[in-house]
Amino acid sequence: MATRRLMLLGAPGAGKGTQAQLLMQELGLPQVSTGDILRAAVKEGTPLGLEAQSYMNRGALVPDAVVVGLIEDRLARPDAGGGWILDGFPRTPAQAEALDGLLAHLAQSLEAVVLIDVPEAQLIERLTGRRTCPLCKRIFHVRFNPPPAAPPFCTDHTDCPSELVQRPDDTLEVVSKRLNVYRESTEPLIRYYQEQQKLTSVDGDRSPEVVYSELRELLG
């Protein structure tokens, strides 16, 4: 039987979002993203959403207990009963232990943790090479998906500005910091799931189609 409850790990730029979308399309599983859950709860004005907003408004980290509560609410919904793809949580071993507890409470289990492994030099090239249209937010890449030589850059409007922009998050300085944070927080998490014998990895330094083919083979 195919794996139906899984987690994707990987550094920024590894392609987790792309692979999650492909899995969603083929398997019909919901992607459970902490960012999406937080935004939805705040918008809906749920008790946990309001509590999370109180921290976010101060620029503080939302406590683990609040995030775990939001994830538990999401995993308890009917569309997640047949499986899910967890993205963005946990980020630390403490959060992983909390996840184990809530899954036990829901009588569910995490069946597989897949690490999409990409060399750091390739991650930096992927992230720093992105360029965005400031009007429609379409994303190009100076190497992998170069824009037209001259405007209009986008097919859905003809009033593109003369230059695309690099988002602040995609500068070399910020990308390097994001990768440092990822290494510090995720390496203990990788060991945590290795000890549970749930971790497997795929080489993410290939085309999305090739990575997905190996991912599906691993999941059965």
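Keep in mind that glycine also has a Cβ here, set from the backbone N, Cα and C atoms.
These numbers come from a predicted model, not from an experiment.
The annotation ATP binding site is assigned in Swiss-Prot to GLY13, ALA14, GLY15, LYS16, GLY17, THR18, ARG130, ILE139, PHE140, ARG206. GLY17 (ATP binding site) falls within a helix when secondary structure is assigned with DSSP. Around the Cβ of GLY17 (ATP binding site), a 10 Å sphere holds 14 further Cβ atoms from the protein chains shown.
DSSP assigns PHE89 (AMP binding site) to coil in the three-state reduction, placing it in neither a helix nor a strand. Within 10 Å of the Cβ of PHE89 (AMP binding site) there are 21 other Cβ atoms, across all protein chains. According to Swiss-Prot, the AMP binding site annotation covers THR34, ARG39, ALA60, LEU61, VAL62, GLY88, PHE89, PRO90, ARG91, GLN95, ARG167, ARG178, on the basis of sequence analysis.
If you look up Swiss-Prot, you'll see CYS133, CYS136, ASP156, CYS160 marked as Zn(2+) binding site, on the strength of sequence analysis.
The region 'NMP' annotation in Swiss-Prot covers 33-62, and the record cites sequence analysis as its basis. Note on the region 'NMP' (33-62): residues 69-71, 73-74, 87-89 of its chain, located 6 or more positions outside it, place their CB under 8 angstroms from a CB of the stretch.
Within the same chain, residues 178 sit at least 6 positions outside the region 'LID' (129-170) and bring their C-beta atoms closer than 8 Å to a C-beta of that stretch. If you look up Swiss-Prot, you'll see 129-170 marked as region 'LID', on the strength of sequence analysis.
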Would you report the average pLDDT that the model assigns to the region 'NMP' (33-62)? 86
Name, in the order they occur in the sequence, the residues of the same chain whose CB lies under 8 A from the CB of GLY13 (ATP binding site) and which sit 6 or more residues away. VAL118, LEU123, ILE124, ARG126, LEU127, VAL175
Among the binding-site residues listed here (ALA60, VAL62, ARG91, ARG167), which has the Cα closest to the Cα of CYS133 (Zn(2+) binding site)? ARG167
Fewest neighbouring Cβ atoms within 10 Å: which of the binding-site residues VAL62, CYS133, CYS160? VAL62
Please give the greatest C-alpha separation between any two of the ATP-binding residues GLY13, ALA14, GLY15, LYS16, GLY17, THR18, ARG130, ILE139, PHE140, ARG206, in angstrom, as a whole number. 20
When the Cα of THR34 (AMP binding site) is compared with the Cα of each of the binding-site residues GLY15, GLY17, PHE140, CYS160, which one is closest? GLY17
